[in-house]
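> Structure below; questions to follow.
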């Protein structure tokens, strides 16, 4: 036991009336909801990087956090893992997620990186034996080191492609070794700073081949989890190729991977791409590629990725409503890809940020489930399109322009608009949220 | 002859030193450039709607323009056509573009709309016989009338789908009748105001079927032009399905139409979607779906579609550079989807806005052609990726993760980053622009 | 009685459990809260323009609403007033707001406009005698008519300045005649489309003088209400001079009007200016110029003024918290400067949009009041700055750089940062919201 | 001599036809223009921080630049200064700018920081004796160290206020010692992350007092330069108090400092605040507080501060046109607050980025000067407002609402709009740019 969280109790459900900061007021893991335990609906995960690896810097300032495990050695990496599992335990977190670079010290070359990773993965594996916390997903950090500054899979230098492919292999191995339920790819440097030096055609082909190799390797090693791409429109790159869900779908179709790969959707990335979070989830579900979410919040007045903890029940309810409509998670979950503000220096801040966020999600889930159970919203939606269910209208979709024109003329079709009832539906929504 | 443009001479090329407002200083139609006449490179088109149908209103104010042809009758529609062709002649415009609703009076029903359209199309056809101006593209306005308020192809009401399909048929007929080189679809209402009342799956299927019918009809009538979709992310809708080039590509792939349909890219729409204009052009070219452009400018400080005339040579040069790299237009062209400000009341404003924009485009084209001829930028691009042309690296793309990992280990691959030289390339750019 | 709202009952409070669409579930006018009736806290107003004058158009489409009172005659204007007061009665609205152009037909000249206004104001005055609804504020529409296209007070044409000044006089007279509690100025055209034709110095002097005349006239006629400026950064103008609260404050200081004029803050305008709504309210309160609010919601993904009805309790709670901290409204109120979507065609939509919004505001107010009563947030704020209350620190503010440097050296001051506790405060917030 | 720039020649003017990368093609320091040498118009400055102190990190990646002087010692700081002056010499830069933290190693406490600063300032002073490069401005970095994470002047902890005040004193001393022509304050942490823990009233009073002390100290030590505030709306803070020029003006008026303090306007900050660069310059000039500029470029598709080197002649021409209209710089200059991209690793990149930017500015200045000399734009502006120069209209501004109304009635004033001629003016602009 480290003493980093000394004095902080395990967080337990105490109900909405509790005024104990260190209690859940809404998140009650065992509460049944729409046929499942709340924990099994929400599948919360803690993100290793923000909570344990981020020093608190921003573009205009350096480290603010002083953590005893900061530094680059195996011993410190193990202390970091100890603290991480203490936090998982305090929060009763069912899952965690990590990049290779979060958990292992940086080595001098690929071989050392891999040895370091393997040693720490063994250590984490041992810790997991004594913990209820499982691995939601693993991933490779192919963006922080300077070697990736011009891309990983899309790098103009084939050696970086090779390094990246080799690294992903080791990270997929690690993920499988730890029983991970998904493997994620976020291409923070797969994009460009300027079109002037960029060959879009080459880079997209490199990226398509890279992803195909990942899928092949998954099958080769019998990894049962899902492969997930995480869309983001930009930052750090000026333009990132996995811009949003629709763009990723087109990419997958182009390389014939739409049945092999799904998406991990982040609230903040949706906002940066000009979409609402629920739009991205609903679209992915409609296209059959919904996988998992990175839950956080992006400040609407800031033009960069703020990765804050979610605090808005109505917004999160929109997200969970779409997830429930789509049938809920299969391998996916709710990963808090969120960081405490760099002014939030204390260990308590780290714990309570998660507690508050878990409560917000629980409230949102409950509201969404109640609204779905009520059925009013879905009944309205169905009624709005009911005209299409009439046989003579269903045939429209298999007709042709000339026949339809003849029908419009013959029947004197002259459609009159009908109210979309948006405000009434918003009122209905607010009865449940 | 109407007297609307009375006293305004035909615009002729006078050279950069001219201080005559009513002259081209850079656009010289017959000047040869990269093997083609400048006119044949640029293929300018005047947009009927902004110049002749828009009354000058905005969300907070009504009509500012007082045009003698405003009103809803065949006679006024003919006067409008007369004025339009007078302007085409003054500008020596090689092309124009129109929506049905721009050219004909609105009728009480589909039959009357069609009769009106046919009468005016005949009238325009006659005018074209005496003019050098040809039709770049036709399109149907499926967004202004209240019947389209909830979509055209994606409407919850199948009767609106039918009306829209019938209308597109008549507009494709009209486009073919007038020798149009393309047919465009812009889905201003194909999107949603709120997800709460929207069925994304149904709407995308309706839209896919609709587009397939358009393609089928094109083949049926032997229309030789291209079918073009015009992406826009939003406005008037909160979300528009043809968000950007990448989204349209995914949609075409989904419905197997990627070899049948191309894109018409608008500068302002690219900006609203979070992209540069040149990004959208380069991406479309890379994906094999580049068709045509709507040239205008979006104010970078305004969050809506400002549709101004282009005024920045460097920005337009980026666009033409990508067009030239892609081999130039085939059926496409440079359509000025731009409107004079609502304070620009005078007939001179209408003419001179086009004159200035044509000159900006001509300068941009010349700069782009010179830069391409210089070859420095392309040589740098090729050199940056040259490592991929080595045989041992080319095989990387057909390898697999495990083999690549073995190679990285065996060869001790440890890539070092190389400068991206962005500022040097920007300097090179500025030698030509 | 018109029959426009036939069958719609007066809305009454039924409590949170009611599932009656036509009931308040949270807004209970007589409920006491922090020493005042809820109605007296919230001071709701209906905006005449959006509900009764807007035809449902947008930049890409025309009228969608079909209202029997649309048209330009005194008789129709009176029917409009009849319907308006029926709606006020259905909603139990304590206040309404109007522009001259909302209530009267447009005349051929100033004299006719004034006669029309006076006749309708008399009519409205009579209606108010039989109604509980009072006038929150009046204002002049100095932006819709084409004469204002280049500004009202800031127009390059002094005749437009004169027309505008004369019109404001008649509107101030009308506001006083109807017992209005405030007079508002929104300068939708006080700005520019391009700097190229704009003289910033002249225009700001014109605007300063104009506002001074308004203040003088207020005193001359003994108007007891407040003069309010409504900030907005842009739209319809590219740049609007009353950009945000801070800008208006500087303008008032410049012309010595900071004790005479306050601000009417709109949620959507705050968002467009890059601020949160609560920021603008808190800043105005801190500067002593908080007056009133235009309550609505701006779509975070749309770059224009969407003027939707509010639907987010947490966001509105932030606003009411700042209003309550500032001591609540004096002459101000909560004006719904919000319009139903153009697809919301039915009379029910108009009523229910207001009902839902009033409930959202009531919930937000209750949450804000409870949080303020709890005191936890304010105690934390005070504690954070408590160091400044020590005498030796208070003197810092009246010291000088050299003395402070000497003290830093002498005392070896080396400050250590303390946690800002943001997430803990957000958790506290969510216990009440 | 270090060998960092080995082989790079001093940059000389060779004219537009030169294809030598290491030459100026437009910047010709001695060329006369509007009565002054080009160098004296532009007053270029190199920013120490971006060129010599920034390691190339971004929010998702670490250091990319490998510079021999990186590290924290006096010896390395002197090597950094050596390289800096070598670059100033290569570029013939007339000025440079610095923060304390750019030039000195970080000490353990205030006393050590000050000793380090003094030692390096002496060293720089000696270097300046052998150089033509002078100091445009100095400033204190009150944002990078963790002690400033919650503000400097506005910190809730009075000890941070004291530390900051003491530090500014030492930086003002250093600036005076080196003959600086201005002293700049950028309040990167003077703002907030969340309103929930912020006392706007206290913080603005602290900031007002702080600035007053700076002004007093300037007079005390007889510093002849200008005190400049640099506005920025946000980043790193969610909200920064010196939001834009208008906000700073209001702040100065509030504390009676509008005649003592001017603004240093940055292109990228203007963009982030929703303004064009030229707007901010023109507004500052109109308000009498224009001081200096930080020249750079913000990517229009990125929502954060990209600090790129300027590359657009038309955009920069707009800026210089406003500067020339305002009479040109007095103590101010053109500081390149711009950084090469983190992929631009080579010493050549650093030099050539400046060379390209200096040429862009020179072209822009020449175009602006020619346009101003032409007089067409100003003549149009004056004509547009000419009505105000008629005596009967001039009196309008000193009239009152009632008198004006009487005049409108008596004279039957009914103003007709006149064209704003925006496109014609844009065409005129493009004849010179």
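FYI, residue positions are counted from 1 along the chain as it appears here.
Note: Cβ is positioned from N, Cα and C throughout, glycine not excepted.
Per TrEMBL, the feature active site maps to B:99, B:102. Under the heading Mg(2+) 1 binding site, TrEMBL lists B:230, B:266, B:294, B:337. TrEMBL lists B:266, B:269, B:305, B:307 with the feature Mg(2+) 2 binding site.
In terms of burial and nearby residues, how do these features look in this structure?
In sequence order, B:48, B:49, B:138, B:139, B:140, B:141, B:171 make up the list of same-chain residues 6 or more apart from residue B:99 (active site) whose Cβ falls under 8 Å from its Cβ. DSSP assigns residue B:99 (active site) to a strand.
Spatially close to residue B:102 (active site) yet at least six residues away along the chain are B:48, B:49, B:52, B:53, B:141, judged by Cβ distances under 8 angstroms.
According to DSSP, residue B:294 (Mg(2+) 1 binding site) sits within a strand segment. Long-range Cβ neighbours of residue B:294 (Mg(2+) 1 binding site) (same chain, at least 6 residues apart, Cβ-Cβ under 8 Å): B:47, B:230, B:264, B:265, B:266, B:267, B:268, B:269, B:335, B:336, B:337.
Listed in sequence order, B:232, B:235, B:268, B:269, B:272, B:298 are the same-chain residues six or more apart from residue B:305 (Mg(2+) 2 binding site) with CB atoms under 8 A from its CB.
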> What does DSSP assign residue B:266 (Mg(2+) 1 binding site), in three states?
strand
> With a radius of 8 angstroms around the mean position of the C-beta atoms of B:266, B:269, B:305, B:307, what other residues of the same chain does the Mg(2+) 2 site pick up?
B:232, B:267, B:268, B:271, B:272, B:294, B:296, B:298, B:306, B:337
> Out of these binding-site residues, B:266, B:337, which one has the fewest other C-beta atoms within 10 Å of its own C-beta?
B:337
> Taking the recorded Mg(2+) 1 site as B:230, B:266, B:294, B:337, identify the other residues of that chain whose CB atom sits within 8 Å of the mean position of the site's CB atoms, giving them in sequence order.
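Not counting the recorded site residues, we get B:186, B:232, B:264, B:265, B:267, B:268, B:269, B:293, B:295, B:296, B:335.
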> Please list, in sequence order, the residues in the chain of residue B:307 (Mg(2+) 2 binding site) that are at least six apart in sequence and whose C-beta is under 8 Å away from its C-beta.
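Same-chain residues close to residue B:307 (Mg(2+) 2 binding site) (Cβ under 8 Å, separated by 6 or more) are B:50, B:268, B:296, B:298, B:337, B:338, B:339.
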> Per residue, counting other C-beta atoms within 10 angstroms of the C-beta, which of the binding-site residues B:230, B:269 reaches the highest number?
B:269
> Hey, does DSSP put residue B:230 (Mg(2+) 1 binding site) in a helix, a strand, or just coil?
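Going by the DSSP assignment, residue B:230 (Mg(2+) 1 binding site) belongs to neither helix nor strand, so it counts as coil.
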